[in-house]
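Here's the structure we're looking at; comments come further down.
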Amino acid sequence: MVSGSENGNVLVDSGHTRLNELGYKQELKRDLSVVSNFAFSFSIISVLTGVTTLYNTGLNYGGPVSLAYGWLIAGAFTMFVGLSMSEICSSYPTSGGLYYWSAKLAGPGWAPFASWITGWFNIVGQWAVTTSIDFSLAQMIQVIILLSTGGKTGGGYEASKYVVIGIHGGILLLHAIINSLPISWLSLFGQLAAAWNLVGVFVLMILIPCVATERASAKFVFTHFNTDNGEGINNKVYIFVLGLLMSQYTLTGYDASAHMVIALFFSSLHCQATEETKSADKNGPRGIISSIGISVIVGWGYILGVTFAVTNIPFLLDTNNDAGGYAIAEIFYLAFKSRYGNGVGGIICLGVVAVAIFFCGMSSVTSNSRMVYAFSRDGAMPFSSVWHKVNNQEVPINAVWLSVFISFCMALTSLGSLVAFQAMVSIATIGLYIAYALPIFFRVTLARKSFIPGPFNLGRYGILVGWVSVLWVATISILFSLPVAYPITNETLNYTPVAVGCLLFLIISSWIFSARHWFRGPITNISA
């Protein structure tokens, strides 16, 4: 929908008008509706991706209680973050999203530094998200091949780490090709992805517990707390906190609407530029809120549906089972095998999840490239003039291929050590939420009195919601940096604070020794 004011006989897009007021001319094609915007964000959040790939974490740390209640807790606080971001997005609908917001909200004195630190946390976090999503898909494909060739107990084929990284590279290549297509095609793929995720999650949440010959009781699903994690951790509060990781990781990517302003995910929570969305100042916030809300509801249903098919937690987590310890794959496989004598149906269900993960990665690359485009437009990246170029279809094609290349390089750490790889992708959760929290923090502090709300605003509750959001991000940043196993060794140490600390050190150092002399924050181009 294109809403705005009449200018003669021409109806002016309100987001386009607001973009001009902020000093930017329109360069990316504004061809994404509120439905398309929602589709991209929902595809990035993708409950099928996050819940399926991290179900082992929730099952190991707390089990059903952590899964069921942890999801609702994380969802509630994520909605606070989403509401705060929506309010800011409505006021500043540009493809720069977070880093532009920080610059405007921090004020002239702090704008360059605020923009620099927010932008780099955001962009590196997004690259880490893409790395994590596509590597998870490569692992999923490896498990599907394993089960299709007889399973681990039947001598099935187990791909080496080199085969997995090769699959990962192939997936990224496909995502780069798709993201090189015109925005109208991306919009179509985004809507298909949202439909696939929505239908797929409903089918699986109903099908799996119905097919399973053995089902858990409601008491087990809602009250059983698993303390047998084999990691030397016995404190129930500590265990529950670690179980929250699955939920909080899944609920990232919703800033995709801030980058594409189409309509939002269920993140990283993260799609196209706000500048590519019609009436971005209205549809961006709608996308963020709707994608989070629907993802929380649908995701909870999926978690419950799968958990009702759980009867033996230690066996599902055992690396010697047919799926090699991939809990949800084993649940799907056993559900069909126990009823029909073979697990073909379960493998098909895993295929449904694999397609959803593929779409999630596709949308993540879209979001990455729009962030690279916006950041380079303002001269913040090396060789910015290269990454800022758009082709004849108005697609930032160089930014697309750069994002894919960096994501592949990040995944190469898995060849050396999975510990190093996990540290790398930990930036996906902590780094992104830091980027989310910074503009909100500036909104409730430095810009408390000067903030000019857009069409969507929280009124007098804006400050309260903002502080809740900032405190939640600070809390999870600390919690997810805690050790996940005892005793602490080189293999069990949680390297998240090390990875995030190194990133912070590099960002600050580059600012002190270089960027502070030339980077001035977002650059207006309305006169160009």
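Cβ from N, Cα, C; glycine included.
As annotated by TrEMBL, transmembrane segment applies to 34-55 (among others).
The transmembrane segment annotation in TrEMBL covers 67-86 (among others).
Taking Cβ pairs closer than 8 Å, the transmembrane segment (98-121) reaches residues 88-89, 92, 255, 258, 371, 374-375, 378, 380, 431-432, 434-436, 438-439, 442-443, 446-447, 450-451, 503, 507-508, 511, 515-516, 519-522 in its own chain, all 6 or more past its ends. Per TrEMBL, the feature transmembrane segment maps to 98-121 (among others).
Marked as transmembrane segment by TrEMBL: 127-150 (among others).
Taken from TrEMBL, the feature transmembrane segment applies to 162-181 (among others). If one looks beyond the transmembrane segment (162-181) by at least 6 residues along the same chain, the residues whose Cβ comes under 8 Å of a Cβ in the stretch are 130, 134-135, 137-139, 141-142, 189, 358, 361-362, 365-366, 369, 393, 395, 397, 400-401, 404, 407-408, 411-412, 414-415.
Among the features that TrEMBL reports, transmembrane segment is placed at 193-212 (among others).
Taken from TrEMBL, the feature transmembrane segment covers 288-310 (among others).
Sequence annotations record features per position, and here TrEMBL assigns transmembrane segment to 340-361 (among others).
Under 8 Å from some Cβ of the transmembrane segment (399-421) lie the Cβ atoms of residues 126-128, 130-131, 134-135, 161-162, 164-165, 168-169, 172-173, 175-176, 179-180, 365, 368-370, 372-373, 376, 387-388, 490-491, 493, 495, all in the same chain and six or more residues away from its ends. Look at TrEMBL and you will find 399-421 (among others) tagged as transmembrane segment.
Residues annotated as transmembrane segment in TrEMBL: 427-446 (among others). Under 8 Å from some Cβ of the transmembrane segment (427-446) lie the Cβ atoms of residues 81, 84-85, 87-88, 98-99, 101-102, 105-107, 110, 114, 117-119, 121-122, 124-126, 128-129, 131-132, 245, 248-249, 252, 255, 267-270, 462-463, 466-467, 469-470, 473-474, 476-477, 480-481, 496, 499-500, 503, all in the same chain and six or more residues away from its ends.
For 458-482 (among others), the entry in TrEMBL reads transmembrane segment.
Among the features that TrEMBL reports, transmembrane segment is placed at 494-513 (among others).
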Spatial neighbours of the transmembrane segment (127-150) far in sequence, C-beta under 8 Å, 6+ residues away: 44, 49, 52-53, 156-159, 163-165, 167-168, 171-172, 175, 252-253, 267-268, 270, 322-324, 326, 329, 333, 343, 346-347, 350-351, 353-354, 357-358, 360-361, 364-365, 368, 403-404, 406-408, 410-411, 414, 421, 424-428, 431-432
Close approaches to the transmembrane segment (458-482) from elsewhere in its chain (Cβ under 8 angstroms; 6 or more beyond its ends): 77, 80-81, 83-84, 87, 238, 241-242, 244-245, 248, 426, 429-430, 433-434, 436-437, 440-441, 443-444, 448, 451, 494, 496-497, 500
Non-local residues, at least 6 beyond the ends, that sit with Cβ under 8 Å of the transmembrane segment (193-212): 38-40, 42-43, 46-48, 294, 298-299, 301-302, 304-306, 308-309, 331-332, 334-336, 338-339, 345, 349, 352-353, 355-356, 359-360, 362-363
